[in-house]
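What Swiss-Prot lists as domain 'RNase III' is 7-129, and the listing cites sequence analysis. Taken from Swiss-Prot, the feature Mg(2+) binding site applies to E42, D115, E118, supported by sequence analysis. Summarising the annotation, Swiss-Prot assigns active site to D46, E118. Swiss-Prot lists 156-226 with the feature domain 'DRBM', giving sequence analysis as the kind of evidence.
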Amino acid sequence: MNNALLDARLQQALGYTFSRSGLLQQALTHRSYGALNNERLEFLGDSVLNCSVARALYDAFPDLPEGSLSRLRANLVRQETLAEIAGALRLGDSLRLGEGELKSGGFRRPSILADALESLFGAVFLDAGFDEAQRVVRRLFDPLVAQIDPKASGKDPKTRLQEILQSRRLPLPEYRLVGTEGEAHDQSFIVECLLAKPVLSTRGTGKSRRAAEQEAARQACAELQR
């Protein structure tokens, strides 16, 4: 697939079409590829991301104190989460990487994927302003925010499940990707959460693998707390 088609697919998955295609190209260009790379856009996008996620949490959990909100935000914007969202968008297929990074599999490296996603947020901000950039961020992160149970000290379902099992001295869960649904630009991931003791299997569906894992963990928590 040529670059134009890959870029079109990425924009469709992102839910935003760039007016200035040069910004998209820059956001997708790693420093190993050329001088006009995405590092400055990443700097902008990091701020857009943090502000947008902070607002999402502020609106969703009016009773949570600042400390809990900060912990939740840190969990949502960490590299692992960003890389999984980037993977769901198939962002790696569109990256411009130098020959060395290509050979070493840089298009799969979590740090490169996470940085590129932040660069995209920065590029949308420059292309259309903060409101549109925030909309793009919220479209990707609101499903993760919706899975958080505020009654569980603001902890996400995977963390809660791990703590429940550890408190009972039971083995930790295993998460397996069962499959995907939908078109390439709008895929949903299906993940199974397996507990060895007590024997339990739950399934979750989400727009990213992480979101699906969280949903499967949420169901497992509910079963264990019955």
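Using N, Cα and C of the backbone, Cβ positions are placed for all residues, glycine too.
Over the domain 'DRBM' (156-226), the average per-residue pLDDT in this prediction is 89. One way to see the shell of the Mg(2+) site is to take the Cβ centroid of E42, D115, E118; the remaining same-chain residues with a Cβ within 8 Å of it are N38, E39, L41, F43, G45, D46, A114, A116, L117, S119, G122. Long-range Cβ proximity for E42 (Mg(2+) binding site), meaning a same-chain Cβ under 8 A and a gap of 6 or more residues, is found for D115, A116, E118, S119, G122. The C-beta environment of D46 (active site), restricted to residues of the same chain at least 6 apart in sequence and closer than 8 Å, consists of E118, G122.
DSSP gives D115 (Mg(2+) binding site) a helix state. Other Cβ atoms within 10 Å of the Cβ of D115 (Mg(2+) binding site), summed over all protein chains shown, number 24.
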